[in-house]
Amino acid sequence: MEHTYQYSWIIPLVPLPVPMLIGVGLLFFPTATKNLRRMWAFISILLLSIVMIFSIDLSIEQIDRTSIYQSLRTWTITSDLSFEFGYFIDPLTSIMSILITTVGILVLIYSDNYMSHDQGYLRFFAYMSFFNASMLGLVTSSNFIQIYIFWELVGMCSYLLIGFWFTRPIAAGACQKAFVTNRVGDFGLLLGILGLYWLTGSFEFRDLFEILKNLIYNNEVNLLFVTLCAFLLFAGPVAKSAQFPLHVWLPDAMEGPTPISALIHAATMVAAGIFLVARLLPLFIVIPYAMNLISLIGIITVFLGATLALAQQDIKRGLAYSTMSQLGYMMLALGMGSYRAALFHLITHAYSKALLFLGSGSIIHSMEAIVGYFPDKSQNMVLMGGLRKHVPITKTAFLVGTLSLCGIPPLACFWSKDEILNDTWLYSPIFATIAFFTAGLTAFYMFRIYLLTFEGPFNFCLQNYSGKKRNSLYSISLWGKEEPKPIKNKFHLVALLTMNNNKRASFFAKKTHRIASTVTNMPFITIFPFGAAKTFCYPHESDNTILFVMLVLVLFPLFVGAIGIPLNQEVIESDILSKLLTPSINLLQQNSTHFVDWYEVVKNPTLSVSITYFGILLAYFLYKPFYSSLHNWNILNFFAKRGPKRILWDKILNFLYDWSYNRAYIDAFYTRSLTEGIRGLAELTHLFDRRVIDGITNGVGITSFFVGEGIKYLGGSRISFYLLLYLFSLLFFLIFLFFFFFK
């Protein structure tokens, strides 16, 4: 086992050959590299599988010994300046490595089929492998220098992946927005690192924590400056994990391919911020104001993300705001000092959200066969409905992920979220109230997504389907607002062209579908308008590769929660996760008893589960009945009658809808105050530079030209006149200096 630790430095290096070889191959042997493109997918999966086995071996060693291994190499620049580079293996590293590799492998297998039609197939796998290598380097870093380097590499890879389809203006704008927003947090992180180095003289985590702790306890440092450094450090995770107020990039990141969304929102990029806060928790604990700020930002993000998800019509944007809210739960747990609960929820949420995003990718693929390759239609839940009849396997997998994320026992997220909710009562009743209420909102918006997608008729061809219907309850079921762009009467169905039989595009399916490179070369079929009685075809189930990945991911929400369930009633830390994290930081349960009371285990979740079921029933009542025969019941018509109270209720609902659909107007505020303000300042600066600075320079030149021409005219081009003028000017200058200095 000691050899496993000694060779842990290769973990971030194993996936690196893929992007390097693909780049060299495309540069020197483009034809051969493209013809062997599926070989690169296989190599990517194989290398990441090696890292996964390595990580599992490290985790087993951590459970048996609970040891921490650190290896350092010193790079001496001068006699006074040197840096230490190495790797750091502890339980947190083991957990993150397993998350990155397991989710990464499944996403790569999924992408082999999902991206088979795309001309950027090789570029996609090169980006993905480099992204995984950067994340693995981040979690194994032993000091601030290394972690900042890999932090920036992760940001660069996310920029490339979000803007993968960079020819689309929306995708190009989304990757720029993500990049700029994260630059704000990264600048704060850099300033915080430099400030702590100035205080402690070290970049190493363990040395820095010990030195800073002694300085604070001995009152040898300015506490205000230390708090400022901690706040600046926290700015990095706030941006990377999409916490308020730097959360605005996350929904726009959905413009990338769906496998990217699964990877970014599950176990990698957004989890990097949670990882860094967990890594620096010993530093934040000795600064009370820092812990308060972390918990405050967490609870705001929990509630804000849930409310913004209520009215989203794009299925991926709804899941993105769900991710934002769940990351807020993790940040809240870390701010409360509940280290174990935060990491537990990080694990359970990663697999559940990966399942949901990959399920949404399967749905989008199915819808593209009907509406064509138009993301604003294929991802629009308003145009879906009734898919449970056509994609039953996807529906089952999506339902499992939805139930897990809602916190329904005994699925995975129930155990982790309930632990966080119980800890909030010990920390703050106000925070607990908000957290429990948001748990109900989570159940509501997740089942809203599920019901709009899978239940009822297929809305794309529903007769007279639009927001123009005046039935108030019908409007509530769709959050009652039309798309800003009118729906055209005719659509063109993009024909899916099959590849040659000797070119298999997935590991399991014998054939795949390719989308033609240009619309003009595509055969198309005109679909009847919405008023038609039937359409040409209905959505179909995805290929076997996509279904296989989803069925494997279904196992994780079913069973991964077991790692946090106590196995022995006599010992409170008898579960696998506690053994792995022992000794761990848990400020809220330091005085807890050393045995498990199963009555308390059953009683404590009662409130949270009740709120969750209420949210599910509310979503079911608002969305499900209007697609059934209950729509014509007199009781519904009774509730739909207009009156003063009804009008007030509609105004409240419309306000909530507008507030949620428009992202709480935060993006608009940033656009007006920051983007347009900076552009206005830039235009003003440009105008000042052009009119004033350039005017002075050009004015001096023009004045010199005319003076020279005047002298030339007066002198008649005679050299003697020029010499005489020069002598008189020199004499005048000397007289002026004499009287000015010696008067």
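Cβ atoms are placed via backbone N, Cα and C, with glycine included.
Beyond the ends of the transmembrane segment (9-29), by six or more residues, the same chain brings 40, 43-44, 47-48, 50-51, 54-55, 71, 86-87, 97, 122-123, 125-127, 129-130, 132-134, 136-137, 140, 150 to within a C-beta distance below 8 angstroms of the stretch. Feature annotation from Swiss-Prot assigns transmembrane segment to 9-29 (among others); the stated evidence is sequence analysis.
What Swiss-Prot records for 40-60 (among others) is transmembrane segment, and it gives sequence analysis as the kind of evidence.
For 125-145 (among others), the entry in Swiss-Prot reads transmembrane segment.
Per Swiss-Prot, transmembrane segment is recorded for 185-205 (among others), and the stated evidence type is sequence analysis.
For the transmembrane segment (219-239), the list of distant contacts is 151, 181-182, 184-189, 191-193, 195-196, 199, 212, 245-246, 249, 272-274, 276-277, 280, 283-284, 287, 289-290, 293-294, 297, 331: same-chain residues at least six beyond its ends, Cβ to Cβ under 8 Å. For 219-239 (among others), the entry in Swiss-Prot reads transmembrane segment, with the evidence type sequence analysis.
Summarising the annotation, Swiss-Prot assigns transmembrane segment to 258-278 (among others).
According to Swiss-Prot, the transmembrane segment annotation covers 280-300 (among others), on the basis of sequence analysis. Sequence-remote contacts of a segment are chain residues at least 6 beyond its ends whose Cβ falls under 8 Å from one of its Cβ atoms, and for the transmembrane segment (280-300) they are 196, 205, 208-209, 212-213, 216-217, 223, 226-227, 230-231, 233-234, 238, 243-244, 328-337, 339, 427-428, 431, 434-435, 585, 587.
Residues or ranges marked as transmembrane segment by Swiss-Prot on the basis of sequence analysis: 327-347 (among others).
What Swiss-Prot lists as transmembrane segment is 354-374 (among others).
Among the features that Swiss-Prot reports, transmembrane segment is placed at 396-416 (among others), with the record citing sequence analysis. Sequence-distant neighbours of the transmembrane segment (396-416) (same chain, 6+ residues past either end, Cβ-Cβ under 8 Å): 322, 326, 341, 344-345, 347-349, 351-353, 355-356, 359-360, 363, 439, 442-443, 446-447, 449-450, 453-454, 550-551, 553-554, 556-561, 564-565, 605, 608-609, 612, 615-616.
Here the transmembrane segment (425-445) has Cβ contacts under 8 Å with residues 295, 299, 302-303, 306-307, 309-310, 318, 321-322, 325-326, 329, 332, 336, 405-407, 417, 588-589, 607-608, 611-616, 618-619 of the same chain, all six or more residues outside its ends. For 425-445 (among others), the entry in Swiss-Prot reads transmembrane segment.
Positions annotated as transmembrane segment by Swiss-Prot, on the basis of sequence analysis: 721-741 (among others).
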Grab the same-chain neighbours of the transmembrane segment (125-145) for me: Cβ-Cβ under 8 Å, and only residues 6 or more beyond its ends, written as numbers and ranges.
8-9, 11-16, 18-19, 22-23, 40-41, 44, 47-48, 51, 70-72, 83-89, 92-93, 96-97, 100-101, 104, 107-108, 111, 151, 153-154, 157-158, 160-161, 164, 193, 196-197, 203-205, 208, 259, 263, 268-269, 272, 275
Can you work out which residues elsewhere in the same chain, 6+ from the ends of the transmembrane segment (40-60), have a Cβ less than 8 Å from its Cβ atoms?
1, 4-5, 8, 10-11, 14-15, 17-18, 21-22, 33, 89, 91, 93-95, 97-98, 101-102, 104-105, 108-109, 111-112, 122, 125-126, 128-129, 132, 136, 580
